[in-house]
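Taken straight from TrEMBL:
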REPEAT    362-403  repeat 'WD'
REPEAT    447-481  repeat 'WD'
REPEAT    491-524  repeat 'WD'
REPEAT    575-616  repeat 'WD'
REPEAT    617-650  repeat 'WD'
REGION    657-790  region 'Disordered'
COMPBIAS  664-673  compositional bias 'Polar residues'
COMPBIAS  682-692  compositional bias 'Polar residues'
COMPBIAS  712-721  compositional bias 'Polar residues'
COMPBIAS  772-790  compositional bias 'Polar residues'
């Protein structure tokens, strides 16, 4: 490995972000060109092209985006963020064509709750959160704030939503907890005038709003599960001064149930009406908190004598149900409905075929991504572990291929077997589960593998030995047979939770990192301790160098350590973060570069030999909990505590250097190859070197380091990867969801007879070295020798 001079730090660019922040109310937006989706992802805005699945990003926020809006003409995008208590929150206006920032201002405290453009793109109205509570009108051309005031009265709750009218650009509506108000902008006097909607004794928490095209009617959803219809009483001509007519309530509508008698035939939507759409023909699409999607129309019946404040005015035409709370509803091309949920999923639904056209368009994790894994020498798919699920993703389409669901439990670690036939996972219920990567079928489960939950898992190259770490501090070794999985060794040295276990490439050693401030190097063959690494830190990650001569560690002290594997001595320490612990490290297959990430939300790419940063990636909105280098070395995958998955493009200068098979050999290589041919040993010797037959019939020549060789396993793997890429591009199979069968919590794992069951107890001396397998084997061997002598 040649020593290079350190270069300036390069910025890593995310090639894709797998995710959708469904917790942002009305966060999913369709651009007026009907070809792009716009939605927030942490502190970035994703612009997703529907036809090509390409993504571009708007970056500039310093914290999580809380709201966004698109102007009527589509020329601008506005976004607001939330911030820490006591700090002001940014509102940024973006230019759509150039994808650049036009202006920003920070007049709201802590959080921007809602945004809306005026119909002529002249004004931007922003609403602050509960810690701010003010409405500010921003002149976009002059880039100045015109006026602002408190959004609500002292006798009502907070305002949560603003919505502009379609024709009268100087008027907008705000709504929230027991308040619904119509505002008018006086540009000359630089002030706002307001009128409260006359709703009588009706008390509701208002949510989604839709205004008719001619600005005469307002439909508002409520958390009570009904819909309020308001007559705005305003002239759609903006040149006419605003009138003094007060907006009035026309009715509070629920869904009609024809199976019940009059007086009891009104039904409300469970968990409230979260969002709604008004179609050109006057029909309404309603999204409820229980996942119900209804297409309804008004019955135009007479309810003057109806008992109750909510009338059964709405007739359901079509209905379907999805998982999660509906947070956004949008229409594409007038025929396709897009649904965003708080489960961070986007569904598409054809209005013409309401019952059977529901399709999952985008999805992501809703909780922290605890681990990421690639199949051996294959970069087209990767797996992620999170709460209740393991998901497999395609790196070409950036879509979910398979979801393995284990309800109520979290997967803390996953690894692919070397042959790619199984995914081995560790779960916080103490069970080790193995699944098939194509169908998600459970292959086997080891119940009660650890008493307090499994935290990490690793597997040898032949797939016959699995090493697991537990919360109780034990490292356990398992023998995997086709029909039985047995415990063959218990290694008790740590007294804190095991954060990671990693096996070297020769399957001879395993290193375990623990929160107790130690890393232990174990002999995997004799099941004994070889060396212990101590440091004033809580170790979180440890990994062998590809040749197995060094170990890379990271922990809570913000330092990355290089350690010798043969004696556990410290070689080098570098500062890996300035503000928080390092949660994940991973090296590429050649060991030239490695990636680190932690709670500072920064992804760092390092030169291993020099110990210096070469590239930095910024984009996560929360602490990074996992990171992985792709086998081909061309990209990185990181996961964060908010469920976001970032795919970072590695600059070409940092790619793995693989010689091209089509490059002709140089003269030195030809001379070296010819010299090796003249010094060929006899056939009976070459067979022992090259794996030939014992009779010496197979004659081969030794290979020099400079000679041109036949395609290696790596080149064959690259060829297989290209074939699989072609096959995956032809496949249009949608994502599968596999439910894992329940495991008996009282079942016990199979224990090998050579293991002393007393070593499984938690009350033993923590610092006593455990090597039961080795000691019993030596006793048996000595007994056999003694019998042979007799």
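Using N, Cα and C of the backbone, Cβ positions are placed for all residues, glycine too.
Model confidence over the repeat 'WD' (362-403) is summarised by a mean pLDDT of 91. Listed by sequence, the residues of this chain that lie at least six past the ends of the repeat 'WD' (617-650) yet keep a Cβ under 8 A from its Cβ atoms are 11-19, 21, 41-44, 57, 59, 63-64, 344, 364-379, 382, 384, 386, 393, 395, 398, 580, 583-590, 593-599, 601-605, 656, 718, 721.
Residues 1, 3-4, 6-7, 9-12, 377, 538, 540-541, 543, 545-547, 552-560, 562, 622-629, 631, 633, 636, 638, 640, 646, 648, 650-651, 654, 656-657 of the same chain sit 6 or more residues outside the repeat 'WD' (575-616) yet have a Cβ under 8 Å from a Cβ within it. Secondary structure by DSSP for the repeat 'WD' (362-403): 0 helix, 23 strand, 19 coil.
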